[in-house]
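Chemist: The structure under discussion is supplied below as structure tokens; questions concerning it will follow.
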Amino acid sequence: MDEQAGPGVFFSNNHPGAGGAKGLGPLAEAAAAGDGAAAAGAARAQYSLPGILHFLQHEWARFEVERAQWEVERAELQAQIAFLQGERKGQENLKKDLVRRIKMLEYALKQERAKYHKLKYGTELNQGDMKPPSYDSDEGNETEVQPQQNSQLMWKQGRQLLRQYLQEVGYTDTILDVKSKRVRALLGFSSDVTDREDDKNQDSVVNGTEAEVKETAMIAKSELTDSASVLDNFKFLESAAADFSDEDEDDDVDGREKSVIDTSTIVRKKALPDSGEDRDTKEALKEFDFLVTSEEGDNESRSAGDGTDWEKEDQCLMPEAWNVDQGVITKLKEQYKKERKGKKGVKRPNRSKLQDMLANLRDVDELPSLQPSVGSPSRPSSSRLPEHEINRADEVEALTFPPSSGKSFIMGADEALESELGLGELAGLTVANEADSLTYDIANNKDALRKTWNPKFTLRSHFDGIRALAFHPIEPVLITASEDHTLKMWNLQKTAPAKKSTSLDVEPIYTFRAHKGPVLCVVMSSNGEQCYSGGTDGLIQGWNTTNPNIDPYDSYDPSVLRGPLLGHTDAVWGLAYSAAHQRLLSCSADGTLRLWNTTEVAPALSVFNDTKELGIPASVDLVSSDPSHMVASFSKGYTSIFNMETQQRILTLESNVDTTANSSCQINRVISHPTLPISITAHEDRHIKFYDNNTGKLIHSMVAHLEAVTSLAVDPNGLYLMSGSHDCSIRLWNLESKTCIQEFTAHRKKFEESIHDVAFHPSKCYIASAGADALAKVFV
């Protein structure tokens, strides 16, 4: 029966509990089979199809979220990279622009120096090949310059580290001794002729010419005496110290080529200025000029030979070839040595003092170096310096101090500066020199200590051009009159941060509204409690000024408006207030000037020019030197002085105008000097003229602007005049010298008009300007 058993039998035999269930009945076997099926179903429930789908959906959603976060992060990083790249590009552009500016300024400075030298000495200043700066090559070589800069930086750091090591072990003194010995060998104090000539040949190969070696040898033989050798030792120690100076940037850049620098050039560059500064030295050296002259003829034949042969020929053939008495030369040399010793008793200091001197020299600013071409004209060798040596002056200075540094040990820095050969006034030449076109010298002018005015506030609330402005006599308060039919009052101490800049803006604290047309003029009383305005409506409105600290949003106060002064039938162009009599002067397009009593609203006290004999008045002012007089300008070009008490015209100022008036002779403004009997007029033909009130004669006339002069103002002390013009400029003038001491552009043009009015504050440090661009600007 076992062969025909079903699958359950085999499964039961394989089960661990099959033996126990085998002897049981059918019920037990059914129960056991049911338990096995339940266990298998529980195991399969963990991986059901809905569960798997849910898991996949959950993982997909998490993956999508992470990918979205990654995309956002990548976008942020890309934006940051783009921002940094843009910032880097902007910095590079800024650097290029600054480099171009530096090159431009360097080129301009070289031109100015050459021009100054030509004017002073009448000769061209040899500055090498001076070409205008080129910018295209800089951009092309930018990629090549960066690796060089990195290598130069590493080279400089390595030199700095090596310098510290040498200083720690005390090797600096050894270098000084070795170099001093080498200099003595080069200058002919050593008996090793072969080594000396080898050095000269090596120097000549570096320089590309052999004539310089002979020239240096001749100069050294004729000039170096005992005291001169002491000074040369000083100079050599200076050059050694310059090797270890942090200030020598050129030496760091060209450090790899330092070993092949032309030492003969160093000796010659130092010997020439020192030997050329003493008159006795020049006279003594003139005795040896024939040596140099004879040597010039042999340059060509000697250039192909060996350096050692030259020296031997010089030593052997000197007496025969030149036919000179050697005793005379020896006598001259001894005499020259005695004179030098008598003049300069220089004792060589010990090493510690010398090191202190060198340390002090590092703290002092480097003295200006001399071009070899500026040397004494009596020295033939000075004019025979090769051109490429002059061009390499900066490169040579990487190993040396300036030519006069040896004298600075003895004379001091200031005296050494004054004794620079041929330098003269060039010692004071700086980049800050003013242009030659200026007609005045600021340095010698007593205005050098004057105040410089700078813009402080921009008043922006008007909707049309501002025609006039007036300061409060005491408070920092300004009133402006505009073509938008309003006047506005500004407290210059109540500032608020501007919206789009770091500057401060001022908001108006009160707006005066009563005019029915553009307001053309405004004036304040002497105590600042009232102000008066005139406009195209022919009315003169009187106002009570409000408290400067008033809230701009307070309710309307009807007591501010005092009422109009009626009488004019056309636009009122100008007003002037008399503090002595509390009177108000006005001039109108109806051709009349009127005098008003400001204490009451009544008809005018007096009327002037009612017949329009002089034309239409354009401006009026009180004569400060005589309170009973007033001065007025007219459209026909006349300026007259009137007596307000007698109502008579007492004087007409001198004017060269035709009877047929035209726009070119129009006078836009007349003012009176606060302390002197002088009247000043601003003309349409760009002139400013000064008149004597006593005689009516013209004192001075000058073209002050590029376009019509529209406004004038004199400071309370009577020292400076301010003028405004339609050329958009404000100019400040010294009344004593009649020269412009400051100019600034304040406004933009509108309908070919720019600046309408300017004013000084009577007691505080403010000036203001009114423009056709609806802006008023305040300067401090």
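Backbone N, Cα and C atoms are what each Cβ position is placed from, and that goes for glycine too.
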Chemist: Region 'Disordered' per Swiss-Prot: which of the ranges 179-200, 245-266, 289-310 is that?
Modeler: 289-310
Chemist: Of the residues SER227, SER408, SER501, SER555, which is given the phosphoserine tag by Swiss-Prot?
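Modeler: The candidate carrying the phosphoserine note in Swiss-Prot is SER227.
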Chemist: With Swiss-Prot as the source, which of 28-36, 55-63, 235-243 is set down as region 'Caveolin-binding'?
Modeler: 55-63
Chemist: Ranges 149-166, 581-598, 743-760: which does Swiss-Prot label region 'Calmodulin-binding'?
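Modeler: Going through 149-166, 581-598, 743-760 one by one, Swiss-Prot gives region 'Calmodulin-binding' for 149-166.
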Chemist: May I ask you to name which of SER229, SER619, SER701 Swiss-Prot has annotated as phosphoserine?
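Modeler: That would be SER229, per the phosphoserine annotation in Swiss-Prot.
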